[in-house]
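Quick notes on the structure that follows.
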Amino acid sequence: MENQNRSGTAGKAIRCKAAVCRNPGEPLMIEEIEGPFAFFPMIFGHEAVGVVESVEEQVEEFQEGDMVVPVFRPNCRECRDCKSQKGNGCSIFGGELVPAMPRDKTSRFKGMNGETLYHFLSVSSFSEYTVVDVVNVVKISPEFPVDKACLLSCGISTGIGAAWKVADIEEGSTVAIFGLGTVGLAVAEGARLRGASKIIGVDLNQEKIEIGKQFGVTEFINPTTCGEKRISEVIKEKTDGGADYCFECIGLASLMEDAFNSSRVNWGKTVILGLEMHRTPLPVNTSLLLRGRSVTGCLFGGLKPKSDIPFLAQKYLHKELNLDGFITHEVGFGDINKAFDLLLEGKSLRCIIRMD
C-alpha cells in the first residue's frame, strides 16, 4: 500500500480520508478523519509504504521526504532483546499490543464528530496519513520501486525470514509447506533461494499448483486426494522418511500436528507461522520430541525490521528476490472492500491499494 501525499502540515492536525471499520464484519467505510483487536471503530492496515511528512523534534533517524515501510514488530535497537541475535523481540515496546501509540497509549485519530478511532498493529495504513512510532518504521532506499516496497512490510518478509533465520534452511534440504497463501509462498521463495532440493506445497486450492511453481514449489499435494493415507505418510514417502523442515502457514492446530508428524525423526524442524484461529492447543507426542524433532514459532519470520528489511530490499534490487509475482491485483482507495473480497475468495495474493 502506498501513502505518498505530502504537504506543509508539520505540527498541525491533518484532515484526510481513511478506511474505517466501525463494527466487526462490516465493510470498510471511506470517511474523513482527523488525525487490540476488539476496539472499534478502528483504522486497519499494516502493510504499506509511505513518505515521511513530518517528525517530532527529538527524532533523528528520519527526516521529511524519507521513503519508509511501517512494521507491526517494534525494533528499538537499544534493549537487551533488540541487541540479541537470538530473536526479534523488543523488551521495551514488544510486550503489549495496544490499539494506540505505544508510548502514551493514546490514539492520534478521531472522526469528524470527535469520536476516538483506534490504531491497528501500531500502523493503521488504510489512511492517507498515519502516525507511527519511530520503533515501528524502517527507512527504504529511494532506489527501491515504491509500488513494491509495501510487500516487505509483513507477510512476504515473514515467510522468507522463517526460511532463512528461523529454520536456517541449507542447500539440499527437503521442505514441506502447509498453506500456499502469501506467507507460505514466501517460505517457498526463501527455500528456493537457499537451494532446497525438494519443496512440497500442501493446499486445498488446485490453482496453487502453477502459482507455487513461480516461487520454487517442486511438488504439490492436495490432502483431499490422498485417499486413506495421512498427509504425513505421503510426505514421508516423498522425502525418504520426513521433511527436514516443515512450515505451518494457516493457523490450525490440526495442520500444525500434521506438519510436525511430517518432519524427519532425529532432526526434523517444524516452524509455526499461523496464528491458531480457534485457540486450540497443539497436541504433540513428547516421545517424538525426545527423538530429535523440534517445533518452534515465530513472529515476523524472526527478522529484525531495521536491519533485515533493507537487506531484503537489496536482494530485490539485485534481482535475486521475486516480489513482483505476489502482486495479483490493484485497486483504488475507494474500492478497498474489493481487495478484501478477492482475498476471501482465494483469488488474490497481494492486492495493491493505491491512495491516489
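The backbone N, Cα and C atoms fix where each Cβ goes, glycine too.
According to TrEMBL, the features are:
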DOMAIN    36-141  domain 'Alcohol dehydrogenase-like N-terminal'
DOMAIN    183-308  domain 'Alcohol dehydrogenase-like C-terminal'
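Residues belonging to the domain 'Alcohol dehydrogenase-like N-terminal' (36-141) score a mean pLDDT of 95 in the model.
Counting residue by residue with DSSP, the domain 'Alcohol dehydrogenase-like C-terminal' (183-308) contains 49 helix, 22 strand, 55 coil.
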